[in-house]
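Feature list (source: TrEMBL):
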| type | residues | note |
| --- | --- | --- |
| TRANSMEM | 25-54 | transmembrane segment |
| TRANSMEM | 232-253 | transmembrane segment |
| TRANSMEM | 259-277 | transmembrane segment |
| TRANSMEM | 315-336 | transmembrane segment |
| TRANSMEM | 356-385 | transmembrane segment |
| TRANSMEM | 450-478 | transmembrane segment |
| TRANSMEM | 498-522 | transmembrane segment |
| TRANSMEM | 600-623 | transmembrane segment |
| TRANSMEM | 635-653 | transmembrane segment |
Amino acid sequence: FHNNGCNGANGIKHMETMIDVFDAIPLQGCTDIVCCILFIICILGYVAVGILAWSQGDPRKVIYPTDSRGQFCGQAGTPLETKPLLFYFNIMKCASPMVLLEFQCPTTQMCVEKCPDKFMTLLKAYSNKEDFKYYKNFCKEGLDGLTVTQILRSGLCPAMLLPSKPFTRRCFPALGQKKGGEITVGNNSTFVDWDGNTRDAKDLVAGVKNATVVIEARQVAMKIFEDYTQSWYWILIGLVIAMLISLLFIVLLRFLAGIMVWVMIVMVILVIGYGIFHCSMEYVSLKSEAGSNVTLKDLGFQTDFSVYLHIRQTWLAFIIILAIVEVIIILLLIFLRNRILIAIALIKEASRAIGYVMSALFYPLFTFALLSIVIAYWAVTAVFLSTSNQPIYKVFNETACNHSRKICEPANFSTSSMKAECSESKCLFAFYGGETVYHKYLIGLQFYNVFLFFWCANFVTALGQMTLAGAFASYYWAFVKPDDMPAFPIFSSLGRSLRYHTGSLAFGSLILSIIQIIRVLLEYIDHKLQGTQNKCTKFLLCCLKCCFWCLEKFIKFINRNAYIMVAIYGKNFCTSAKDAFFLLMRNMIRVAVLDKVTDFLLFLGKLLIVGLVGIFAFFFFSGRVKAFENTAPNLHYYWVPILTVVVGSYLIAHGFFSVYAMCVDTLFLCFLEDLERNDGSAERPFLMSDRLLKVLNKKNKPEPAE
């Protein structure tokens with residue numbers, strides 16, 4: 001129900017009665033306008049950052065390999081268009097620790113059309129015209145008239161070629177393995193290296209170790225992709241089954257919620273009772289065992305906890321603890337039975353509300369689509385920002401050199417003082433960076449990108465919560481259901497939320513985003529300080545992380561209920577958060593009971609759905625059932641579709657049940673407001689359903705006869 005200008009009305013028929021019920025709450029305007037303006041400005045700034053990143057960034061740096069001059073191999077429209085592969089002059093140097101520090105192999109790299117497919121040394125190829133013609137494909141220009149010594153000294157050609165295969169657009173030695181485990185390259189176990197020495201093929205492993213791991217991962221990925229192509233339609237069938245079971249479970253909650261709750265309580269009592277019986281049997285059986293009468297105080301602290309299980313006093317403590325828990329549960333059941341009945345009634349009422357607002361079950365798809373857009377924009381902007389640097393060249397040298405790893409210019413490096421002092425040094429492409437104002441503040445732009453990602457993602461989630469809350473509130477406050485409800489509750493609630501309460505949504509999501517970005521910074525600091533031995537710092541950091549985690553959970557709880565109050569009354573965020581918090585604090589026991597009962601039922605539903613669909617998928621895809629033996633597809637890994645179906649089923653169930661949980665929370669707040677504001681008289685009638693009135697032993701008084 002909404003009785004202000006911003007939120008509209010449910011109808012004219014009962015408007016006067018409804019206004020009397022709620023003390024004629026005055027008309028209100030749009031909420032948290034300042035935060036709304038700030039959010040719009042930040043979004044425009046976010047768009048500007050994206051445009052700036054797209055104008056400066058170059059994603060080709062991620063897609064294409066880069067040679068020693070910083071040129072992209074295989075890029076269309078360039079002289080290297082026909083040379084998509086990167087060739088290393090000396091792959092052995094890629095085993096250097098500097099590769100891990102600078103992500104650059106300290107050897108000349110050039111773009112080639114094909115990887116070498118045979119053994120060949122420059123010395124032997126130079127004496128054969130055809131071989132040297134082939135060898136030139138892996139050399140720089142300017143070889144005419146030079147001797148082998150001059151070519152090697154100038155670094156124009158590699159000393160030798162190894163049979164290689166392309167992977168991730170890079171040429172890696174074609175390593176193999178014989179039956180005895182001997183490493184080979186080109187079917188040979190030895191090769192002559194770049195210095196003319198005979199080496200074992202296993203020496204090449206260090207240079208391409210990471211590549212071989214990636215190759216194996218690629219093979220597994222290809223098999224997984226093939227499995228998806230063979231089983232995708234069966235996976236869709238499994239997900240449809242999960243969706244139907246989720247819908248069926250929500251419908252059944254309308255009729256079986258009470259039975260399920262009481263069965264759960266009885267099962268807990270029986271389990272604890274069995275625990276008491278088992279502990280008693282263990283206590284009696286240890287009576288005759290030597291040393292079992294030793295007290296825990298005399299035994300002291302033991303690292304082997306199994307020792308305590310041989311002491312009678314341990315089992316006596318278990319019996320006492322379980323008995324106390326049993327008594328507490330029974331007492332709570334006796335004194336809280338009415339509140340449990342209220343929780344069951346509200347859960348059933350939520351099923352009825354969803355029956356009138358069925359479109360709400362599919363609203364998570366809209367939220368998912370918006371979140372996908374937010375994530376995609378953040379990811380693309382992050383890639384463009386990270387690739388908007390300029391190529392940086394550094395001096396690479398194998399021997400001692402004062403200029404090693406200093407920035408250099410490849411165009412004039414051959415005539416520079418660096419080259420004169422270090423004759424064997426080379427000026428090679430190292431990484432992308434820059435010294436301009438834009439590059440100096442690049443880290444700030446990345447931080448802004450991350451912060452706006454959190455803000456937008458939380459805003460989308462908040463929009464979904466407020467939209468659902470408004471739709472379900474319209475059900476509760478309708479005098480005659482569904483006649484007094486809007487024709488399309490979800491769409492009308494979505495329109496009101498965006499038109500009038502964007503500021504409140506932005507305010508709540510901003511608070512949550514600030515806490516989340518602080519948690520990210522704490523995780524970053526913790527990662528940087530992993531190698532330190534300062535225990536005080538570690539303890540302080542751990543405490544901060546724990547505190548902000550708790551604070552985030554608390555803010556999410558406050559925001560969720562604040563959005564419900566905003567959707568009902570149209571007040572600003574702070575007022576709604578305060579009203580919701582104190583309303584819940586005045587009814588703490590009811591809140592605790594409803595929360596735990598609802599959590600259990602939804603957990604049981606998720607477990608049931610994932611379990612049923614997962615078991616069906618296991619027997620189907622593994623071929624354990626003869627009836628489906630010829631129907632099931634042939635797969636490399638049958639766990640691939642099974643895991644996909646299980647994860648997908650959980651996400652589907654979570655999506656449906658998140659709507660259900662929001663419905664329960666909304667109806668609960670409306671129920672509490674109804675109890676506090678109304679007394680059942682003709683002037684202030686209760687607006688809850690007859691079933692809830694029956695549980696509370698209340699009823700509305702009839703209107704006096706005229």
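In case you wondered, yes, glycine gets a Cβ from its N, Cα and C as well.
Just so you know, TrEMBL annotations never went through curation; they're auto-generated.
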Range from 232-253, 259-277, 315-336, 498-522, 600-623 with the greatest count of C-beta pairs under 8 A to the transmembrane segment (635-653): 600-623
Chain residues outside the transmembrane segment (315-336) and at least six past its termini with a C-beta under 8 angstroms from it: 265, 268-269, 272-273, 275-276, 279-280, 282-283, 286, 296, 309, 589, 593
Proximity verdict for the transmembrane segment (232-253) and the transmembrane segment (600-623), three or more C-beta pairs under 8 Å: yes
Same-chain residues at least 6 beyond the ends of the transmembrane segment (450-478) whose Cβ lies under 8 Å from its Cβ atoms: 1-2, 7, 10, 18, 39, 42-43, 45-46, 350, 353, 356-357, 360, 363-364, 366-367, 370-371, 374-375, 378, 382, 484-486, 489-490, 492-494, 496-498, 501, 504-506, 508-510, 512-513, 516-517, 520, 559-560, 563-564, 566-568, 659, 662-663, 665-667, 670-671, 674, 687-688
Closest-packing stretch to the transmembrane segment (356-385), where packing means Cβ pairs under 8 Å, from 25-54, 259-277, 600-623: 25-54
Whether the transmembrane segment (25-54) meets the transmembrane segment (498-522): three or more C-beta pairs under 8 angstroms: yes
Positions on the same chain near the transmembrane segment (498-522), where near means CB under 8 A and six or more residues out: 6-7, 29-39, 450-451, 454-455, 458-459, 461-463, 466, 541, 544-545, 548-549, 551-552, 555-556, 559, 562-563, 566-567, 570, 572-574, 576-577
